[in-house]
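Features as listed in Swiss-Prot:
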- 1-19: signal peptide (SIGNAL)
- 46-572: domain 'PLA2c' (DOMAIN)
- 50: N-linked glycosylation site (CARBOHYD)
- 56: N-linked glycosylation site (CARBOHYD)
- 231: N-linked glycosylation site (CARBOHYD)
- 246: N-linked glycosylation site (CARBOHYD)
- 272: N-linked glycosylation site (CARBOHYD)
- 433: N-linked glycosylation site (CARBOHYD)
- 481: N-linked glycosylation site (CARBOHYD)
- 501: N-linked glycosylation site (CARBOHYD)
- 553: N-linked glycosylation site (CARBOHYD)
- 572: N-linked glycosylation site (CARBOHYD)
- 594: N-linked glycosylation site (CARBOHYD)
- 606: N-linked glycosylation site (CARBOHYD)
């Protein structure tokens, strides 16, 4: 009997006074689900003979991704033509490759990022009226990290429904992620049943598994939530979700980073750590290593968990390791701390389960996700992970690259423009200050030293420069005249209509609060329909590279846009004052440049909150988030 099983059995005995037996014992559950191929646990399959188990990153795009992007382009092209015509702009001579990147930051990031996405959806009446709705149909790639990965997984698995529709009909984010309002026992016993089944097969199980299943039970389609059959794998999405099967949605990418152990035993999450990608087709990285970079590699994600040695399976193959909930949990291991806080609190069902995990793993392994190393003994001369049993992954936001730009910056993907949604907790009052972009730029300089591991990141100002220049309060274009890089359209969160600077650790939101978060995120992209020229300038930035424009041949309209919205290269590095934007206000830069028609003339404004400083909301948000977390921990069963 495993240590997890023993602890769980003891905790059940301690709670029988008010507990009821699990509704479905493990044996019955397996019978219900055939041979286990529909549960969270991986299942054994015959090893295929026609699979390329390792693909070197220097070979370009994988076949699955290439086919998807080719199919996507057929839908993207007419969508972009329509959006350009609506602005009176010329159709690009080639179809631009556009990406969106959603930052991390818990539910705050999920809601703010999906709000920004909603600002690009023609299904949103307000976005359509703001004349930015419809651009999502022109996007080829979508990357998400941590809370942004929850947005990615939920949006994609639900077929691209309007986020406000998901909030109304599916999400149960008003119930705490760790401490649900009701059904606690069934929730925790289901967590045990599913994770123990995976452990029984010899696969590593960690708090990430519990955390991922909890996330999935709040935002994934109901048939795949913990109370039903939590068996939705990332690789199955194109088969299960029609909108992904026919390439009607951008190709999703979820990001994590690796953690290394130095010789002295110190655990390290370096800013130049390896960035790992999960897509419906592959798992891998474009560049391996930290201090020394070498070309990376990819393996079919469908067979992740299979023991592979130098590119060949060791006789037994598996499917089902790539559960979407697990991938989302892996991208957000920072939140394992929500469960770690249970250690040492009042005895309870989940407390004993977590304690068992810690005893089995060691506390230095509690905030990680372990992936069986498919690249064992592959390219051992250059591959720095060739001798590892597991790839150890953490929340990529812990590298300070809190916007997952890197997958969209690799030369192979030929991305022309990236809409970067930033809801990071950078400042004292939980607003972004450009740290994510600056960190990626500094990392790009390191990668540039190695020809096969480059990322094409334009220069951006320092964090102080972001704040002093007001770039963290309104959209800014970066890389405008550096034609070797994509144009980055930076969309920072701003309190257009709501105090969206809530705590990263706020683990539940009332529906009306979540709705306001979505709307505010949308208005950070649409500028609350207060800048008449913005829809045209947004279109210019998204398509600029496909015209091969420079300042010498850009259209008059688009050059005027770039003169207005592009970073001019200034970088005021002096220490700025605390950034404290006012709720329901217009960013001062828009007013100073006579761009805004004023909030009173814009739709959707909420005048009742005008003049409220966001600092109070931030303090209250942090307090409420931590109170909700610690109170729930104290009241555990």
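Using N, Cα and C of the backbone, Cβ positions are placed for all residues, glycine too.
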For the glycosylation sites 50, 501, 553, 594, the largest set of other C-beta atoms within 10 Å encircles the C-beta of 501
Rounded Cα distance in angstrom between residue 231 (N-linked glycosylation site) and residue 246 (N-linked glycosylation site) is 22
Around the Cβ of residue 246 (N-linked glycosylation site), other Cβ atoms within 10 Å, all chains included, total 12
Whole-number mean pLDDT, the domain 'PLA2c' (46-572), equals 90
Whole-Å Cα distance, residue 433 (N-linked glycosylation site) to residue 481 (N-linked glycosylation site), is 23
Spatial neighbours of residue 56 (N-linked glycosylation site) among the glycosylation sites 50, 481, 553, 572, 594, using Cα within 10 Å, are none
So residue 231 (N-linked glycosylation site), by the Cβ count within 10 Å over all chains shown, scores 21
If you measure between the CA atoms of residue 501 (N-linked glycosylation site) and residue 246 (N-linked glycosylation site) and round to the nearest Å, you get 37
By Cα geometry, the one of the glycosylation sites (50, 481, 553, 572, 594) nearest residue 246 (N-linked glycosylation site) is 50
Cα-Cα, residue 553 (N-linked glycosylation site) versus residue 50 (N-linked glycosylation site), nearest Å, comes out at 49
Should one count Cβ atoms within 10 Å of each candidate's Cβ, the glycosylation sites 56, 433, 481, 572 would be headed by 433
Whole-number Å distance separating the Cα atoms of residue 572 (N-linked glycosylation site) and residue 50 (N-linked glycosylation site) is 56
Simplified DSSP label at residue 56 (N-linked glycosylation site) comes out strand
